[in-house]
Each structure stands twice: as structure tokens, then as C-alpha cells.
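Taking it in order: structure first as C-alpha cells, then the write-up.
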């Protein structure tokens, strides 16, 4: 195992411990702070098409943001659908068109496949940890790195809780950095 892989595994363990100590109440409060920051962000306000994610229980809650952008701000909101080796994109058309899927039972859209990747203006990306240079540690499967390679024109915003910011995220050549990281 390479040094970077060992460091990544150790950092994932450390972040898992930090997440366990983060109360649901604090998670909710921090998620609201993040949502307010994103709603006032110039890139989000100007974007027509955004790729977000439906959060797992220990991530920044994106559900209110998804609904608000799609239903009240008339944005095209895309969500990823996890396949064995990749992520495909589908348009969010309402909570009634979501279904729990995959190993983590993440809510995923059931609508038609979205293939106009060059029209995506902003991508909001989850992660296990981030650093101030935009380096991101994911869960280790490379799903987002492979997807982000296909979206060079999109502005990439990492989204996390403040405790997920670290001094330096170990990286490998295939890791895609964020343009910016937003946290509470």
C-alpha cells in the first residue's frame, strides 16, 4: 500500500470518529449555515444547471437546497445515480420521484438520463475531508473524480462541516481538486 493510500485510510478513520461525536442537532445547525452560504454564493445564483448530491445522514443536509433551487429558483438541478463503476446524472423533478438505492440507500432520481454535461455550471461535491487548497478526500471509490474529469467547465464547490477541514489532504494524480470549499 502506498504512503498516500495509508494516509488516506488513516484520515478516513479520523473523520469517522469526528462524525460520530457530531450531534444531530449540531449537524442540522451547521447544514443551515452551509445552505445560507450556498444560496448567497454568486456562482450558485448565476448558474442555470447545477449538480448537487442527496446527502447521507452524516453529511451536510442538501435536501432543502435541492428543493429551493429546483422549485423556487427555477434552476435545473441534477443528482447522481450510483452504478457499479460510475455515476450517471438525472434531473431532480421532486421528492416524489426519488427512490432509495444502492449500498447506502441514498435517495436518487428516477427520471431520464441527463447527458448534456457541458451545460453544467456548478457542481457541489461531498467529501470525507477537504483542505484549504481544494484537495478532497472521498470514500475511496473514485466516483466523483471520474465524473469531475468529464466536467472541466463546471465550477467545483466542496461542501463539508468545519471539522472536516484539515491541514493537507493526501492526493494521488487522479484526484480532482475543488475550486472552493464551503463549510459552516
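A Cβ is built for glycine as well, from the same backbone N, Cα and C atoms used for every other residue.
Annotated features in TrEMBL:
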- 1-26: region 'Disordered' (REGION)
- 1-10: compositional bias 'Polar residues' (COMPBIAS)
- 8, 9, 10, 11, 12, 136, 137, 138, 139, 140, 141, 142, 143, 144: ATP binding site (BINDING)
- 59: substrate binding site (BINDING)
Pairwise CA distance, residue 139 (ATP binding site) versus residue 59 (substrate binding site), rounded so that it is a whole Å: 12
Residue pair residue 10 (ATP binding site), the residue listed as 'substrate binding site' - Cα distance, angstrom, rounded: 19
Cα distance (Å, whole number) from the residue listed as 'substrate binding site' to residue 12 (ATP binding site): 14
Pairwise C-alpha maximum, in angstrom, for the residues (8, 9, 10, 11, 12, 136, 137, 138, 139, 140, 141, 142, 143, 144) that bind ATP according to the record: 20
Distance [Cα-Cα, Å, rounded] between residue 59 (substrate binding site) and residue 137 (ATP binding site): 14
Cβ-Cβ neighbours of residue 137 (ATP binding site) (radius 10 Å): 21
Neighbouring C-beta atoms (10 Å sphere around the C-beta of residue 10 (ATP binding site)): 11
In three-state DSSP terms, the structure that residue 139 (ATP binding site) belongs to: coil
Winner by Cβ contact number (other Cβ atoms within 10 Å) across the binding-site residues 8, 139, 141: 8
Per-state residue totals over the compositional bias 'Polar residues' (1-10) - DSSP helix, strand, coil: 8 helix, 0 strand, 2 coil
